[in-house]
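Database features, via TrEMBL:
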- Thr38: active site, O-isoaspartyl threonine intermediate (ACT_SITE)
- Thr38: active site (ACT_SITE)
- Thr115: active site (ACT_SITE)
- Ser84, Thr115, Asp116: substrate binding site (BINDING)
- 30-212: domain 'L-asparaginase N-terminal' (DOMAIN)
Amino acid sequence: MAASAHSRHPIIINTSFATRLNMIMQKKSIYVAYTGGTIGMQRSDKGYIPVSGHLQRQLALMPEFHRPEMPDFTIHEYAPLMDSSDMTPEDWQHIAEDIKAHYDEYDGFVILHGTDTMAYTASALSFMLENLGKPVIVTGSQIPLAELRSDGQINLLNALYVAANYPINEVTLFFNNRLFRGNRTTKAHADGFDAFASPNLPPLLEAGIHIRRLNTPPAPPRFW
């Protein structure tokens, strides 16, 4: 019996190693362009303020972002971090060029952004980044990531997971468990978690108990 138990032991180890190796080899890599916004802000005597490195420190403390099922991700923090109400077309151009510069290195892209002009940025980028073969998801939060009841954790976690495992190769906006077409989205609520809506087009995807792609028509091709 002892010999038989011992003979089975290496099989268990080898199977586990093969599974882990397979997961590592299939692991996707996502580029996160952190432009600013509420999601990365830190509490201060003057209210919430942007602080360089604060978002990364908070993510390091959240084990769910580092589970084996999650993709690898690299955060590129913009300097200075931007208030989205000050976003200009020049900033949209900078974001588009940033994605273009790293396009061949990553499997997908997530843009962290303030909610004030998030829909405008998603729409602008959808026309600037044509013929995408990889997903670009814009997201953020109503409450900073480090605060109790923050929606930032679930928005970012799902954006990363969806980009890696349910890629829709266009510019989209993810908020409150729904993925919208970037140029069909508008801000609907200033203080609710369901901050964004798409009145003229259903969501592309819903992240409930199961993640479901919906039968939304694909983005029409552009010829200009």
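Heads up, the Cβ atoms here are built off N, Cα and C, so glycines get one too.
Remember, TrEMBL labels are computer predictions, not curated facts.
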What average pLDDT is reported by the model for the domain 'L-asparaginase N-terminal' (30-212)?
96
Looking only at DSSP and grouping its letters into three states, which state does Thr38 (active site, O-isoaspartyl threonine intermediate) belong to?
helix
Can you name the residues of this chain that are 6 or more positions from Asp116 (substrate binding site) yet have a C-beta less than 8 Å from its C-beta?
Asp83, Ser84, Ser85, Lys187
Of all the Cα pairs drawn from Ser84, Thr115, Asp116, the residues the record ties to substrate, which distance is largest, in Å?
7
Within 10 Å of its Cβ, which one of these recorded positions (Thr38, Ser84, Thr115) has the largest number of other Cβ atoms?
Thr38
Can you grab the distance from the residue listed as 'active site, O-isoaspartyl threonine intermediate' over to Thr115 (active site)? Cα atoms, rounded to a whole Å.
8
